[in-house]
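Here is what TrEMBL records for this protein:
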{"type": "TRANSMEM", "residues": "A:12-34", "note": "transmembrane segment"}
{"type": "TRANSMEM", "residues": "A:46-65", "note": "transmembrane segment"}
{"type": "TRANSMEM", "residues": "A:71-94", "note": "transmembrane segment"}
{"type": "TRANSMEM", "residues": "A:169-187", "note": "transmembrane segment"}
{"type": "TRANSMEM", "residues": "A:219-238", "note": "transmembrane segment"}
{"type": "TRANSMEM", "residues": "A:244-263", "note": "transmembrane segment"}
{"type": "TRANSMEM", "residues": "A:294-313", "note": "transmembrane segment"}
Amino acid sequence: MDNFLGQFGPATVGGLAIGSIYALVALGYTMVYGVLRLINFAHSEVFTIGGFAAVGVFLMVGVSAPVGGFALIGLLLLTVLVAMAASGGTALLLEQVAYRPLRKHGSSRLAALISAIGASLFLQELIKLVIIPHVFGQSNGAIQLQNMPRVIDKTPLFSIGNAPIRLDHVIIVVAAVIMMVLLDRLVNGTRVGRGIRATAQDPEAAVLMGVNIDKVVRTTFLLGGAMAGVAGVLYLLYFENLDYRVGFVVGIKAFTAAVLGGIGNLRGALLGGFVLGLVESWSSIFLGAEWSEVTAFVVLVLVLMFRPTGILGESLQRARA
Amino acid sequence: MLLEVRDIHVHYGKIAALKGVTLEVEEGEIVTLIGANGAGKTTTLKSISGLRPLTSGRIVFDGTDISKLQGHKRVLAGIGQAPEGRGIFPGMTVQENLLMGAYARKGTFREELDEVYELFPRLSERRTQFGGTMSGGEQQMLAIGRALMTNPKVLLLDEPSMGLAPMLVAQIFEIVREINQRGTTVLLVEQNAMQALQLAHRAYVLESGRVVKAADASGLLDDPEVRAAYLGGDLGVD
């Protein structure tokens with residue numbers, strides 16, 4: 001028990017950081033599901049692309065030691081913008097190539113799902129066989145940023161109780177919260193958002209109101225992709241390594257978070273992300289980090305047994321998105 | 001001629017839903033489309049609104065061929081629809097639902113909103129209530145009000161009486177008459193043939209994807225075949 005109390009604080013901080021990343025990625029799954037009733041399995045690679053875009057920026061800028069102050073803010077802003085563009089662009093392309101043609105032919109949802117899995121594998125291999133060796137000049141299937149100088153200082157800034165807080169913790173949670181607030185504003189407070197909500201709640205009625213569904217779908221992929229891009233940057237800052245498969249595990253967890261919170265529900269995705277991050281982190285105190293994934297999925301199964309629609313229990317059709 | 005539907009065929013997969021429907025709606029009219037379940041009434045309205053692609057035939061609206069025009073663009077052209085099942089956005093309030101009707105247009109919509117609230121005082125009392133929590137009659141009013149917010153030249157109504165108590169049906173039909181008198185053309189799809197024929201100027205009878213009769217509404221009320229098939233005939237029902 002002493003062990004637990006001693007580690008509870010640090011585990012909570014870690015859980016919130018990783019939970020922020022899950023939540024950002026989960027938003028993309030839940031938005032696309034809300035609008036198209038499609039699980040975009042390739043969303044995990046959209047996230048990975050964001051991480052690689054960040055590595056690219058760090059290499060181009062030539063960061064050689066941890067930076068601080070305004071230089072760090074500037075670097076992070078640049079990195080986030082590039083990653084959002086790269087991931088958002090990938091998501092748009094994905095929609096155009098892998099989903100739109102199927103939609104126009106009125107194919108079944110199962111066909112779209114298979115297409116999603118195919119696109120996911122394709123992107124993984126593309127990263128492994130083309131991007132890593134040719135863009136980054138490495139061939140071991142992994143980019144280990146440990147070999148590179150750190151971008152941000154990882155010594156504790158201050159402590160809350162016995163939990164040391166580092167700059168990367170602060171950046172991750174703050175950045176994630178800012179992105180979530182922006183997205184919430186956009187979906188609930190703008191004309192674009194009204195179009196998205198209307199399409200999620202009743203696509204045919206939305207057309208009758210003059211909503212261009214194709215545009216809504218593109219916007220949804222772009223927004224979800226951009227969120228995943230930010231998550232990719234944050235992941236890189238936190239773990240300082242990246243390989244072509246990182247998206248797979250993070251993607252599955254984020255998808256779990258989306259289902260846990262209630263798929264199709266934006267606030268559910270956030271809640272699910274944080275719950276999952278915290279549960280994983282706390283459970284690893286008792287069972288060791290290698291069991292964290294087991295507990296995460298046990299929680300999912302338990303929640304779904306008692307609340308099949310997820311914690312918030314409403315889908316985007318009913319929710320205010 | 002405001003709306004002309006010329007020999008349209010529509011398929012769901014390999015099944016033909018419409019096998020050559022032709023109809024016309026003159027400006028200022030109320031035209032009704034009656035027929036049994038599955039006759040193709042809803043499909044006809046959906047095709048006019050661009051929700052279903054035509055296999056062949058064409059639709060001319062206000063002098064322009066709109067057969068290939070995307071659905072969301074037909075709203076701005078002046079085709080508004082209150083769809084079958086009402087299509088209310090359940091997670092939006094009454095006022096948000098109404099404003100969705102004005103989605104395609106720019107500007108503020110105070111006057112139009114006031115006009116809808118004046119037609120449907122019930123909606124005015126419930127502006128902040130979520131669409132999904134309202135009764136069937138209120139949802140129908142909301143669907144019609146929302147379609148009016150698109151500022152339509154022709155208002156397509158798909159079974160506004162469905163699932164409503166007789167008193168409410170009478171009330172809704174009265175409001176449709178009022179809307180028409182204010183200058184909006186109406187194309188009304190109904191199973192409730194008696195009341196629809198009493199309200200409309202002209203009528204078309206649809207049977208398995210084809211128009212089998214076209215006449216003045218009052219004429220159809222006296223037509224023995226129509227009486228037998230759609231008005232309850234000698235059974236003495238409604």
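In case you wondered, yes, glycine gets a Cβ from its N, Cα and C as well.
Nobody curates TrEMBL annotations by hand; they come from automatic prediction.
Simply put, out of A:46-65, A:71-94, A:244-263, A:294-313, A:71-94 has the most Cβ pairs sitting under 8 Å from the transmembrane segment (A:219-238). Through the fold, the transmembrane segment (A:46-65) approaches residues 25, 28, 75, 78-79, 82-87, 90-91, 94, 123-124, 127, 131, 135-136, 143, 145, 148-151, 224-225, 228-233, 235-237, 242, 244, 246-247, 250-251, 254 of its own chain, all at least 6 residues removed from its boundaries and within a Cβ separation under 8 Å.
Residues 21-26, 28-30, 33-34, 39, 41, 43-48, 51, 124-125, 127-128, 131-132, 141-142, 231, 235, 269-273, 275-276, 293, 296-297, 299-300, 303-304, 309-315, 319 of the same chain lie 6+ residues outside the transmembrane segment (A:244-263) yet bring a C-beta within less than 8 angstroms of a C-beta in it.
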